[in-house]
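K.L.:
This is the structure I have questions about; it appears just below.
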């Protein structure tokens, strides 16, 4: 085309060329003389009804298209095809009825058309009548009024379906979208339009829609449209359907818009289907719905036009506008007509004339000849059309009986805003039917006049409804919303139009959205209000409670209690298992806090259990438990030391199990067994017997327990005393000795029975027994301290439950009532008497014992030993740690309320005590130390596990695992404790059995094996058992002798026992703890090596041990621990120059680092062993002079008075020198011991007199007051040899002097202590041979006069008139002053008084314990041999008597001899009375108080035996047992067969002075 246009130079369009082409084809057919069929159309091409003029265009398109296709081809019966062209004759009626009638008349009469095609629905009815009358075919393309066809005119056909079918599907959508109110407006003077809306009205009624308005009008003036719009604006309709002309419809849309009338749907039958109408109306046309018969979007087609889009395109290409329904209807009408015409003559024979003349063919009868005899062509056409059923581009064509098409459904179009060619356009789109819709139906359509609703109002989903206030329970906080929202949960709306809902009170909620009232708010889960009413603020659920929410009150969790009437505070039950939660107690419990046992139950080990069938069985349980307590306290509390650790552990475990830590039930039950050893009365409450039994009863019984124990002990003592008196009645000493010997012959079981009865043998044992048993109630105060403190303090503890104070231990009883005041009075009494009294007793006893350093003394040991005997001496105070630990546990349990804090505090206490255990190792028995550390660790583990159980975040799996592990640990602790205690019990039984084997031997010697019980602890029980059970009778005798030898060393009263606080004891413990092999060394080396060892340790002891207070700066302070061994090794091997170099450089170093003062202190420390050299030289000179005097005297007469005087002078000068030296050192040591200087300045060591042997040529023995008797390792009375041996003289010097002389290497100072006889004399028992060397007492040196030296003759009785002072050695016990009777010494006594220094030798070394025979505190003179004078000083009944030696010796005391206290007192000393002029007094301090033992106490000591020949039994007794105890009541005792003296001592820390007249 473009090329054609360019060549021709003409602007001819494509549609124009197509029209030219069709015209040329028509001319060609005309040229060939093809017949033409005439079709007439009367249409309103101009005027108001011209909107249907598109139908004419449709007919024209058909005409041109058909002619272009060769016209209509008609086939006859012979198959002959006759072609006819079509010609369309169009007449304009100018939109008037008259014009239309004229046009129809012209078509029929003037134009002689064979067919009239209707194109104007407005005048269709008149047209059909005119054409029907003319006998022509009238085929209406566009008229849908059913009334037109209801006339049943056989020549009238209609292509459009009934107008009443338009809204059938649309109203269904209305109902679906809640559009029920409609208004209908139609033009009643146009039948086509009126029929459309009348059909709408009928359809609305059929579908139950509400017809708000039905408006009719007859003209389209502005006033008419405006009036209609006013009525519509005022009506409540939701949709408007208007059946009017296109222009009227547009005006109505504009009028409604002007009135801002919101409508959900606007339906227009006129104009809205056309594209140009919508474009002209603009955006007002959007969503306007139109009712139509056809749309280009429909999937309809036929063989002539193709499908609807093709047709629309073809139409638009010719006419340059969108094809409308009317054009499509016209084109489809022509298609149906020419298709029917092509087939109506198939059974006919057409004559040539008829074929050439269409009027003849259709309207002349018999112009054709047909097989069916219908020989008129018009009739055949009218008869064939009703039978038509065919598809067309307009829709299916199928006529009803009135010949109106019924083959298709009308469609609904809605205008959408689209963009075409980048321009905004408004296109009617197919929306109904849904199966064919190209766009969705916008229903309701957008409300373009919608107002913005304010907060609290809404328009809802229907945008055409006015803003509505939100109903109650709903709100809208934003403007312009289409709906209100339900009040959320926990809010409510109690009025309308609420922009916000009201929040429910604190911690309340609603169970659903949209709550409309305050009462809809109730407590959320986990909260409650105290009134239990809805609509009130709620508070958080109490801890350990469950709150269901709503109006329910809290209920306690398992393990907690609350008052059901006001359950606002939960209180932990103790134990937690007694409370099941939800206000219920566990089975067997009742009352407040579920504390009390329910009827039919009683408390056992902290749990309420069902009463036995026979309630009296509870009495049996009580008796068994009471018996167990008594046995533990009386028999095992002190003997089985492990048991105290277990009791302490069980008591603290009973406190811990009382913490509310959510203990697992099994674990709680196991730990509850600890209350048995806690001695708690409530471990078994007899509520089965006494239903009202409670805390008050428990408190009273608990406070009475110590009195009960004391009463039982008192009864025990009374029975024992009665048995003692019965046994002693009428029995002399000899009879008792015989009874003892007889007892040794009794059956063993009888001996065991008498041993179990433990009847004392004498008054001393009776006193000891009473002291030991008096300790039982005191020890019970210690054992029951925790429980008594707990019970007494518990009486003060109150717990507030809902504002009311109740007693913690009796929750049903209110505090501060008469009952509570009485209980507090009892508790106060218990605190003062028991707890306070015990603490005072313990503190006072510890202070006094420590101050006097007498932990090992018999009386305090028996009475108070339970306080400290389990511990090392330096840790004697350690029981206070246990007391503090128990006190801390009780205070924490009663006054700290938070269980977790309770556990933490107690765990801290346990850790501190455990660290102290590890740091001090305070227990003597290290097995007990391990056990104590173990139970402390176990207790700490229990507390840690308790914290895990208490933590709610810990999973149940962890809790179960920990509970099983802890259960195993507790059982292991109990098991190990039981094994330990059982082992100790077995050991005790084994030792008792062994002692029963030993008992006959002791009976034979008049002794009791009980006195040797400490010897059975020296060696292990297993070792002793395996040893002694295999021993023969002779070996048992040896064991007894060993016991006699060692008993004073191993006895707790020994100064080197584990209880000794003396320096000597500490020294030996320190030495043995660091070098235990010392025992093996001393047991295996020779005496010479032991002498060297003793010399070495004497220096260490005197100058280097425990000197930190004296020497504040020492060399070892600066050497690090890991290098001390290397440094010491070098010092031991270096030469003198290197040693001096070391001293020099270290002095310089200390001066630089610490200053001159420290350097001076270091210098003093490094020269401490030689600081007394100047005095030592003086002493050495005096000693030499003394010995020279002895040598000179040996050449003189034995009885010369001058020699005696000379010896006396020498002795006096020596005593003066020694006294001068020792006064300075000894008094200083006494001062350093914090005991003050002595008031009477007496020399602690003086020369009293000399006992000179009669054999001057042999150098008889010379003894001074400095002499101390040597320790014998055998029998008590081992004398010197009876041969020709000579005794040497021995001068014993003090500690400081001895060390100084040793350091100075004085030639006159001997290093050994010797019994100086030389012969191999007879041996006594297992004692050392006579004359064997023996080390002197510690801190002393011995100056021994050798054989051949002369000694002074014995003093005469007259010489005894001169006063000579005798002093104790300060390590020994005080000796009572000599009685005044000593003035009456017989004149024929040849020997002088030979006192020892102080009368008591040292007990341990350094400061050797008293000898095996030294339990009798005696001070004996020489035997009455060779003129010697023997003095019997009496017997101390408080000291255990040991009869030693061979009973075959004539001079020995008989084994059956009664105790000295029971002997008849002697009236004279060897036949002479004691002088009455002896002054009796005690020296030491002005007040007579015993001073402490000096720190320079001797390292060695013991008994000295002197003998110069055989002697008989001294036999002399004292002046009377009823006198004041002389020399501590020392008894008479015979001398040994060899003439040796037996000296025994009772230790007291005094330095007595004795004035004996010479």
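Glycine is no exception: its Cβ is also placed from the backbone N, Cα and C atoms.
Predicted automatically and left uncurated, TrEMBL annotations should be read as such.
Pulled from TrEMBL, these are the listed features:
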type	residues	note
DOMAIN	39-340	domain 'Leucine-binding protein'
DOMAIN	481-521	domain 'Tyrosine-protein kinase ephrin type A/B receptor-like'
TRANSMEM	618-636	transmembrane segment
TRANSMEM	643-663	transmembrane segment
TRANSMEM	703-724	transmembrane segment
TRANSMEM	774-796	transmembrane segment
TRANSMEM	821-843	transmembrane segment
TRANSMEM	900-918	transmembrane segment
TRANSMEM	930-950	transmembrane segment
TRANSMEM	962-995	transmembrane segment
REGION	1250-1290	region 'Disordered'
COMPBIAS	1273-1284	compositional bias 'Low complexity'
REGION	1309-1361	region 'Disordered'
COMPBIAS	1325-1339	compositional bias 'Low complexity'
REGION	1390-1412	region 'Disordered'
REGION	1443-1558	region 'Disordered'
COMPBIAS	1509-1521	compositional bias 'Gly residues'
COMPBIAS	1522-1536	compositional bias 'Polar residues'
K.L.:
Is the number of Cβ-Cβ pairs under 8 Å between the transmembrane segment (821-843) and the transmembrane segment (618-636) three or more, considering only pairs separated by 6 or more positions?
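P.N.:
No, the transmembrane segment (821-843) does not contact the transmembrane segment (618-636).
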K.L.:
Let's see if you can do this one: DSSP helix, strand and coil counts over the domain 'Tyrosine-protein kinase ephrin type A/B receptor-like' (481-521), in that order.
P.N.:
3 helix, 9 strand, 29 coil
K.L.:
Is it the case that the transmembrane segment (930-950) and the transmembrane segment (618-636) have 3 or more CB pairs under 8 Å, with pairs at least 6 apart in sequence?
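P.N.:
With fewer than 3 qualifying Cβ pairs, these stretches do not touch.
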K.L.:
If you average pLDDT over the domain 'Leucine-binding protein' (39-340), what do you get?
P.N.:
92
K.L.:
Do at least three CB pairs under 8 A connect the transmembrane segment (618-636) and the transmembrane segment (703-724), leaving out pairs fewer than 6 apart in sequence?
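P.N.:
Output yes: the transmembrane segment (703-724) sits against the transmembrane segment (618-636).
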